[in-house]
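*Asks:* Please see the structure below; I have some questions.
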Amino acid sequence: MKKIKIISFSVAYLILLTPIYASAMHIMEGFLPPLWAAIWSVISLPFIVGGFSKIKKITDESPNMKLLLGLVGAFVFVLSALKLPSVTGSTSHPTGVGLGTIIFGPLPMAVIGLIVLIFQALLLAHGGITTLGANVFSMAIVGPFAGYFIFKAIKDKNRSLAVFLAAMLADLITYIVTSLQLALAHPDAVNGIVGSFTKFMGIFAITQIPLAIGEGILTLIVYNLLVEYQKEGGFNLEKTH
């Protein structure tokens, strides 16, 4: 119990240190046309509903998982609030969704991501409410599902590599989707959607690849700490999804 309290305190401390003047999250308020903002919101809704159902099931079966859910949410909040300016209307930053995906599966991350993004929009002026659906879809839905599939595919062969790749891939896929969302909303005048997508991806790659690698390493460290706590009988990471 002592270890998880130390981890929780460390994450909370980092939240307090998160600069409130940091750039907006993936796509800033008003940067998407209303039609695209609505489309991404509608697409995201079923996953959010499914996520609430999954979280209820997890907490009903194991009430002590509430603390771990809170820790995962704080981890996402901190990492996704650390931003580097990238493309106009967007930024590069870790996503933090890999850890929760590995522990709880992808559906709960839709809810956790939604909550984190709302708090960032309202309290830190990161991103916005109109672009919430798009940001949830890229960071809290597609990213976690991509990370989950790679984790499940190789976890029995090499658990550490699976954790690292899941976190890294969840991060990178998020930015591929974000680039597509921006390209669909703002196609290039000459080369259309493909040209715009290529431009956004090219600029994102400069900062996002190193960030994704770093996130993979950090996620592996935190996961290993939780595994050590699991050995003390705190919870069973294998029965959360």
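Backbone N, Cα and C define each Cβ position, glycine as well.
According to Swiss-Prot, the protein carries these features:
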SIGNAL    1-24  signal peptide
TRANSMEM  30-50  transmembrane segment
TRANSMEM  67-87  transmembrane segment
TRANSMEM  99-119  transmembrane segment
TRANSMEM  131-151  transmembrane segment
TRANSMEM  160-180  transmembrane segment
TRANSMEM  202-222  transmembrane segment
*Asks:* Name the range, of those listed as 30-50, 99-119, 131-151, that has the largest tally of Cβ pairs under 8 Å with the transmembrane segment (160-180).
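*Replies:* Against the transmembrane segment (160-180), the leading stretch is 131-151.
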*Asks:* Do any residues of this chain, six or more beyond the ends of the transmembrane segment (30-50), have a C-beta under 8 angstroms from a C-beta of it, and if so which?
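*Replies:* Sequence-remote neighbours of the transmembrane segment (30-50) are 89-90, 107, 110-111, 114, 128, 130-134, 136-137, 140-141, 181-182, 184-185.
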